[in-house]
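What follows is a short report on a single structure.
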Amino acid sequence: MGPLMVLFCLLFVYTGLADSAPSCPQNVNISGGTFTLSHGWAPGSLLTYSCPQGLYPSPASRLCKSSGQWQTPGATRSLSKAVCKPVRCPAPVSFENGIYTPRLGSYPVGGNVSFECEDGFILRGSPVRQCRPNGMWDGETAVCDNGAGHCPNPGISLGAVRTGFRFGHGDKVRYRCSSNLVLTGSSERECQGNGVWSGTEPICRQPYSYDFPEDVAPALGTSFSHMLGATNPTQKTKESLGRKIQIQRSGHLNLYLLLDCSQSVSENDFLIFKESASLMVDRIFSFEINVSVAIITFASKPKVLMSVLNDNSRDMTEVISSLENANYKDHENGTGTNTYAALNSVYLMMNNQMRILGMETMAWQEIRHAIILLTDGKSNMGGSPKTAVDRIREILNINQKRNDYLDIYAIGVGKLDVDWRELNELGSKKDGERHAFILQDTKALHQVFEHMLDVSKLTDTICGVGNMSANASDQERTPWHVTIKPKSQETCRGALISDQWVLTAAHCFRDGNDHSLWRVNVGDPKSQWGKEFLIEKAVISPGFDVFAKKNQGILEFYGDDIALLKLAQKVKMSTHARPICLPCTMEANLALRRPQGSTCRDHENELLNKQSVPAHFVALNGSKLNINLKMGVEWTSCAEVVSQEKTMFPNLTDVREVVTDQFLCSGTQEDESPCKGESGGAVFLERRFRFFQVGLVSWGLYNPCLGSADKNSRKRAPRSKVPPPRDFHINLFRMQPWLRQHLGDVLNFLPL
């Protein structure tokens with residue numbers, strides 16, 4: 001499920017060595033800033049300017065030519081004086097279905113832009129954004145959406161122009177940047193069948209902009225942890241080290257580390273490249289996964305220090321030793337940056353491994369690949385590096401179904417003549433992820449690699465993983481699903497939300513039976529994977545009272561129909577038993593690949609973002625059935641049917657007395673209806689091959705299993721039935737205070 005990431009880290013920093021015999025003039029000061037030299041004043045040395053935060057150098061760098069003159073990369077004319085200019089953030093070109101203020105041509109550091117939507121549209125993203133000192137906006141792209149499309153409105157990032165205004169299945173939208181801005185992300189996106197746009201959100205940025213380490217580390221860490229979890233959904237948790245993923249024989253990761261050693265990289269910067277790569281190796285081996293690591297240094301030519309075909313590539317000590325022995329002087333005669341040759345070395349390694357294992361074998365096809373390329377700038381010899389990337393994609397058979405088997409992350413270091421277009425061209429394009437970055441210096445790079453895979457912060461993040469293969473059992477497809485019974489007869493369902501807690505409905509316990517006699521079946525009861533658990537504690541919502549409104553003529557009322565069960569023992573994780581993701585938690589945030597700083601409202605806007613949201617519940621026989629959750633105006637029309645139910649609600653005048661905003665509504669169109677006995681089970685959605693519980697089955701107007709003892713037999717209601725079927729599910733977004741009160745020590749909740 002998760003991608004094995006090919007991290008493509010491009011690093012640019014030119015700090016320098018003072019040479020006693022200058023060949024180029026030394027009158028190169030910058031007003032208000034400083035500069036460094038990669039190799040003193042000698043030909044081939046790169047001069048790099050720096051300015052205080054909030055300013056950027058113009059030009060960014062100069063190269064000492066053999067003629068003894070400074071050349072400004074990319075300049076069409078000679079610049080006599082280097083200056084520090086104020087950083088600006090790009091302005092919106094347009095904002096659909098709303099307004100933004102103030103309207104400026106560009107925005108200064110610290111400046112804000114605010115967004116409001118027209119009536120009938122809901123704002124997604126950040127209502128206010130601030131220009132940061134790196135030339136990037138904080139927050140997320142603001143979008144005014146009415147939820148009418150198959151895919152949500154993809155929005156228009158600041159500084160971008162979009163063509164395409166239809167959001168149905170198969171529709172495409174295209175983006176370009178205004179003025180001299182550079183586009184990163186996908187220039188074209190397609191609305192896919194799962195309601196998600198292909199590719200990566202396009203961002204228009206100033207050529208001099210860069211990324212802060214605190215933004216890059218979580219972005220890389222989230223993607224990498226997702227890749228690790230997806231390599232094989234089976235993992236074990238060790239208390240001392242947090243989550244560790246044990247990949248079975250069928251799962252393997254090849255990690256390729258490519259380090260630039262060209263002349264424009266100083267020896268000190270190369271040492272930091274090595275230290276950063278060592279940090280990455282240390283972190284990745286701490287996950288106890290089956291991993292092979294390749295080490296390649298390059299300048300004009302590549303040098304393979306460790307191949308994934310070498311058995312030592314699976315030994316952390318041997319890999320780190322290879323990194324420590326990497327010698328800067330091995331490439332002292334190579335002045336160019338041949339990124340193509342470095343990537344082609346990876347291709348040749350893959351090709352040799354494919355020949356050994358066999359192209360059609362699972363041993364080859366199940367390997368996931370991650371490439372990390374550390375370089376100082378734009379490739380300048382050997383041809384286009386994208387050609388090598390295309391060959392890599394071809395040999396790995398990367399298509400829509402196998403897209404997760406390759407991730408390329410392009411990270412540049414240093415505000416030099418970094419080619420954003422080349423970085424973006426090489427980096428992978430995946431929904432909800434970024435793969436192209438530029439960091440300000442090697443210190444920032446080191447900081448990113450220190451924090452991107454902090455194992456202690458990944459505890460219990462792998463939730464919502466189901467086995468979707470054709471031969472998977474029903475329980476493997478929904479491993480969080482449990483059955484709850486007093487003594488022998490099954491009465492309700494529930495969902496594992498951690499290794500010891502089950503979420504279910506309060507009305508399952510309204511008879512007040514001794515809970516010590518109850519049992520919870522976890523896993524597949526028909527196989528060795530099923531296990532019966534005692535209940536240590538039952539937490540019933542104090543607000544639940546089915547007869548609370550009986551004196552109003554409402555015979556049954558299901559407000560606050562929610563309960564938690566603490567099992568007497570922890571559940572051992574397996575493909576048959578695994579928690580589902582609860583929205584508004586850090587665990588779900590990682591699964592959704594959302595940035596740090598996301599809120600509970602952000603999760604609700606992402607998961608329940610249309611007027612009709614496809615969802616599922618689990619039937620008595622364990623199969624997954626489909627429903628559509630109605631939102632907005634459609635929720636109102638869905639709930640209004642309750643007024644026709646005269647048996648339970650003979651004197652009902654206000655539907656909201658029965659159907660409060662605590663409930664989600666389904667049952668229209670061709671929806672399945674839950675049976676009696678399915679109450680308490682999860683109502684869940686799929687996003688990016690992960691599953692998220694947004695509700696739990698509570699009550700309804702029709703029982704399709706009435707009169708049948710066969711769990712596989714369900715009867716659809718006649719079209720003439722009055723009232724027509726409607727089903728109501730507790731909305732977990734409306735139960736946050738109660739959930740946080742009782743699960744605050746179990747899950748990591750996000751701000752509301």
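Just so it is clear, glycine is given a Cβ too, placed from its N, Cα and C backbone atoms.
Copied over from Swiss-Prot:
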SIGNAL    1-20  signal peptide
DOMAIN    22-86  domain 'Sushi 1'
DOMAIN    87-146  domain 'Sushi 2'
DOMAIN    149-206  domain 'Sushi 3'
BINDING   S262, S264, T337  Mg(2+) binding site
DOMAIN    464-744  domain 'Peptidase S1'
ACT_SITE  H507  active site, charge relay system
ACT_SITE  D561  active site, charge relay system
ACT_SITE  S679  active site, charge relay system
For S264 (Mg(2+) binding site) and D561 (active site, charge relay system), the CA-to-CA distance in whole Å is 65
Looking at Cβ-Cβ distances, which residues of the chain lie under 8 angstroms from H507 (active site, charge relay system) while being 6 or more apart from it? F544, V546, Y558, D561, S679, S698, W699
Could you count the residues of the domain 'Sushi 2' (87-146) that DSSP puts in helix, in strand and in coil? 0 helix, 27 strand, 33 coil
The domain 'Peptidase S1' (464-744) [mean pLDDT, rounded to integer]: 88
Tally the residues of the domain 'Sushi 1' (22-86) by DSSP class, grouping H, G and I as helix, E and B as strand, and everything else as coil. 0 helix, 28 strand, 37 coil
Which residue counts does DSSP yield for the domain 'Sushi 3' (149-206) in the helix, strand and coil classes, in that order? 0 helix, 21 strand, 37 coil
